[in-house]
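Summarising the annotation, Swiss-Prot assigns domain 'ABC transporter' to 24-246. What Swiss-Prot lists as ATP binding site is Gly60, Leu61, Asn62, Gly63, Ser64, Gly65, Lys66, Ser67. Sequence annotations record features per position, and here Swiss-Prot assigns region 'Unknown' to 247-447. Per Swiss-Prot, the feature region 'Disordered' maps to 359-393. Annotated compositional bias 'Polar residues' per Swiss-Prot: 360-369, 379-393, in sequence order. Annotated domain 'LysM' per Swiss-Prot: 398-442, in sequence order, evidence recorded as sequence analysis.
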Amino acid sequence: MEKELKVRTKLLTKEYSLAQTRIDKLKTLFSVFQNKVPTFWALKGVSLDVYSGETIGIIGLNGSGKSTLSNIISGITPQTSGELEINGEVSIISIGAGLNNNLTGRENIRMKCLMLGEKNKEIDAKIDDIIEFSELGVFIDQPVKTYSSGMRAKLGFSIAVHQNPDILVIDEALSVGDQTFYNKGLKKMLAFKEQGKTIFFVSHSIQQVEQICDRVAWMHYGDLRAFGETKHILKEYRAFLHRYNHFTEPQKESYQRDGKAKQRNFSLEQLQETILEKANQQVGSRRTTKEVIKFTTKNKIGDKMTLGTKSLLILLLCMIFYVSLTFVKGISLTTAFIHPAETIQRIFVPEKVAGKDTNAVKTTKTKPASTKESRQQEEVQPSPTNVPENNNSEQAVSTYTVEVGDSVSLIAENHGLTIEQLQTLNPEIIEVPIYPGQVLKLKEVTE
């Protein structure tokens, strides 16, 4: 009977940004800035086919890309480029993955099952089996934040294996448990395998991988260094570990630096060239070239954004900046959006507005002592420019520079005017609020 293809990856890559500031993270959304932000390639072109009923071990040193590969297969992390084909429902088990620290173990069981689309009746029917399998006992009603790593792994494993997934991804979940629970988990995994389910087993334990897995993928600093039968791959891996463990500490550090440097300096162009060289431009090379370009085309969030989307994002950022400035300046949002030109002038040109009339007479905010004193001052120093024609009463014209905290009513009151009179002299304040630095015309009315 021919086995069904369950998982296929073609030239999977995963690039992570090493941006340290928010501005750098924002730059990664736009291709014009992307080359200026350092990156790190956790995967550098991983291709493998996995069939139903297979248990695949994923091994490698720390930082080799094991968890990144398992997260992409489980749908947690999107790939940067390459093709991923999944035929079936995937469930991932890692230490504490998806658990809410503030909820109890029992509440986490219900929450995760609900998130997977199960109904309360279905959950009630199997929650006791999950609790019994987890071996947590009375601790099932304690907050998960009080659990040890082994207890968290037991809970996560118990929930996942009771979901009946087609593809099970186990990321170090059995490495922290005791031998009794490991044997129970192993028995469950073998039962899944007999049912034709596919299992990905990520582990540092060569013994566990040797006991469980049919084939092994050896990850090495983002590369799939080898993929094949467990016996042959583990023989190569043990030989590598023997050499590596005999390195001095400086030699190990140098080896790790070289591997990580290659991950930082990797590019999709390099991957294209390497694959095309292997193809040797044989018959059908045009098709091969087309496929290689397709699978090595970056598929990042910023590249998916259309010009319109990017323009909208820039507009949104400008709007946030504009609203922030109006808030700092004490301008209402209604005014800011109804009269944007005047608002921008208030925000960016207050000093210039204040300096329009350097010879203007700046009056104080205090109310004049009396109309009589004003009349005496006018009689002593009459000004022909301050006496309008065809007016029976004497009037003095002056200016006032608006200060912080002023209002139209306060200025009018302090200078013996009504609001209507002040608005008549300064019609621009009828619709647009006053702002600090604005120069207003005043006419103090006297009898």
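Each residue's number is its place along the chain shown, starting with 1.
Placement of Cβ uses the backbone N, Cα and C atoms for every residue, glycine included.
Overlay of Swiss-Prot feature records on the structure.
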{"residue": "Gly60", "record": "ATP binding site", "CB count, 10 Å": "22"}
{"residue": "Leu61", "record": "ATP binding site", "CB count, 10 Å": "19"}
{"residue": "Asn62", "record": "ATP binding site", "CB count, 10 Å": "8"}
{"residue": "Gly63", "record": "ATP binding site", "CB count, 10 Å": "18"}
{"residue": "Ser64", "record": "ATP binding site", "CB count, 10 Å": "23"}
{"residue": "Gly65", "record": "ATP binding site", "CB count, 10 Å": "26"}
{"residue": "Lys66", "record": "ATP binding site", "CB count, 10 Å": "24"}
{"residue": "Ser67", "record": "ATP binding site", "CB count, 10 Å": "20"}
Using DSSP, what is the helix/strand/coil residue split across the domain 'LysM' (398-442)?
17 helix, 8 strand, 20 coil
Within the region 'Unknown' (247-447) only, compute the mean pLDDT.
70
Where does Leu61 (ATP binding site) sit in the DSSP three-state scheme?
coil
Which are the residues of the chain, Gly60, Leu61, Asn62, Gly63, Ser64, Gly65, Lys66, Ser67 excluded, whose CB is within 8 A of where the CB atoms of the ATP site average out, their centroid?
Met219, His220, Tyr221
